[in-house]
Amino acid sequence: MGTAFAVVLVFVGCCSNVVSLELLVREFPGCGNIVTFAQFLFIALEGFIFETNFGRKKPAIPLRNYVIMVTMFFTVSVINNYALNFNIAMPLHMIFRSGSLIANMILGIIILKKRYTASKYLSIALVSAGIFICTIMSAKQVNVANEGSEEEGLFAFMHWLIGIAMLTFALLMSARMGIFQETLYKQYGKHSKEALFYNHCLPLPGFLLLSTNIYTHCLHFNQSSPVVVPGVGLTVPIMWIYLLVNVVTQYVCIRGVFILTTECASLTVTLVVTLRKFLSLIFSILYFQNPFTTWHWVGTAVVFLGTLLYTEVWSSVQAALRGPEVKEKKAE
């Protein structure tokens, strides 16, 4: 029951979150900071009440370690959202972030001196190839969209390259944070709910640096089309409705992943999250009519094929199929 419930939370929460984020970004491409702030504030308040018991519960992991983790987490969140200001389409944004396997493997080899099997290296090559195909195709679309002036086209392309560089940096930083978190859990034990709270609470003062941008978008949100909230009768600007939906679905998504990690093996978690990303991508393309060529589909298929190969799904299926045969032989 717990596993099925967690899977439903992940698919419903995460997919709805992507839809609400695109609704926000299509109206105001630079609204990433206010979205991130709202998400952090909501999760921090929930954790303060239910995880820390209004601050009375001491952290199991020393606070100084959380400060390091939070600095990386805050940087990754802000850069990922801010990259949308640089001609980065939402499908490309989602596909590019699927490259976390590459970043984790590279840093695992460099920092942890890990070695992997041939299938792991092949999967990483596939994911890299898929992202490369999608990135090149998106670069061509940026050039085509700005054919009117050679100078304007070059500026748009350089603008887009900055966005790609930001996504690459965020990808590597996220992988480094994962390795740091892994070492902390080995030393102090797993405290995922505690980490979730401090990762969202400690960065809140950092949003003061972004206060002007957040305030500006508050004014923009106030000027959006008003809608009547059913059952309440209040008239609220539509962008605030989208933001509320985004914050709630982000929380549902994170909670679903957390429950899944406690109920299932990491293989199952990775598979569910991968399928969720794929469904979000398909919905984004079809519903919002994002430009997506045949080569984009090829790149997407290669990315997810590489991800599934990394999780060793086929080996697990073969082992499951061999299970009954082994039992029969033992019975004989």
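Glycine is no exception: its Cβ is also placed from the backbone N, Cα and C atoms.
Below 8 angstroms of C-beta separation, residues 90, 94, 242-243, 245-246, 249-257, 259-260, 263-264, 268, 272-273, 276, 279-280, 283-284, 287 of the same chain, each at least six residues beyond the ends of the signal peptide (1-20), sit close to that stretch. What TrEMBL lists as signal peptide is 1-20.
Under the heading transmembrane segment, TrEMBL lists 36-54 (among others).
Counting residues 6+ beyond its ends, the transmembrane segment (66-84) has Cβ neighbours under 8 Å at 25, 29-30, 32-33, 35-36, 40, 59, 90, 93, 97, 163, 166-167, 169-170, 173-174, 176-177, 180-181, 184, 195, 198-199, 202-203, 206, 210 in the same chain. The transmembrane segment annotation in TrEMBL covers 66-84 (among others).
Positions annotated as transmembrane segment by TrEMBL: 90-112 (among others).
Residues annotated as transmembrane segment in TrEMBL: 124-142 (among others).
TrEMBL lists 154-175 (among others) with the feature transmembrane segment.
Here TrEMBL flags 196-215 (among others) as transmembrane segment. Note on the transmembrane segment (196-215): residues 30, 33-34, 36-37, 39-41, 43-44, 47-48, 51-52, 59, 63, 66-67, 69-71, 73-74, 77-78, 254, 258 of its chain, located 6 or more positions outside it, place their CB under 8 angstroms from a CB of the stretch.
Counting only same-chain residues 6+ beyond the ends of the transmembrane segment (227-245), those with a CB under 8 A from a CB of the stretch are 16, 20, 23-24, 27-28, 34-35, 38, 220-221. Per TrEMBL, the feature transmembrane segment maps to 227-245 (among others).
Here TrEMBL flags 257-288 (among others) as transmembrane segment.
Look at TrEMBL and you will find 294-313 (among others) tagged as transmembrane segment.
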